[in-house]
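For 9, the entry in TrEMBL reads substrate binding site. The feature heme b binding site is assigned by TrEMBL to 39. Annotation comment: TrEMBL describes 40, 84, 91 as Ca(2+) binding site. For 46-71, the entry in TrEMBL reads disulfide bond. TrEMBL lists 1-163 with the feature domain 'Plant heme peroxidase family profile'.
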């Protein structure tokens, strides 16, 4: 748990920290943006985006108001919000919403906020084939980061618990 907490990026990281985090695992900016595209599926808990919707300025005000309806300033930490409008589909809507300043997590919007990854977000937003290809390559790279093999690791029957 300690290693995971140290190595897995948080939703509060800025772009510099995200790039550094990925770099220490042999991943580059393209991998960062492509793998972040996995946020096209799923939800996040209120505690992970509360500061963004109440305090950040690089956010669409209408989007922030909508998110505040289910994420109060205090309490409701486990209330969920979809990471993107088509949260059950693997598509490029995640990147489209970043262009409109509608990233739910601070770390997501950092990918399109005047930094070195803006052009990748723009490219993926209009080219699903490029995103899918890069996502697959980056998943392979990530899967090869210090894999535990033999008696040091296991293929879990249920990923949430040790066999």
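Any Cβ shown, glycine's included, is placed from N, Cα and C.
TrEMBL labels come from automatic prediction, so no person has curated them.
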Candidate recorded positions 9, 39, 46, pick with smallest Cα gap to residue 91 (Ca(2+) binding site): 39
Same-chain residues at least 6 apart in sequence whose Cβ lies under 8 Å from residue 39 (heme b binding site): 83, 84, 94, 104, 105, 108
Ca(2+) site shell beyond 40, 84, 91, criterion: Cβ within 8 Å of Cβ centroid: 37, 39, 41, 83, 85, 86, 87, 89, 90, 92, 93, 94, 95
Mean per-residue pLDDT computed across the domain 'Plant heme peroxidase family profile' (1-163): 93
Nearest-integer angstrom distance between the alpha carbons (Cα) of residue 40 (Ca(2+) binding site) and residue 9 (substrate binding site): 17
Chain-internal residues near residue 46 (disulfide bond), provided their CB is under 8 angstroms and they sit 6+ positions away: 70, 71, 72, 76, 77, 78, 79, 80, 81
Most crowded position, judged by CB atoms within 10 A, among 84, 91 as binding-site residues: 84
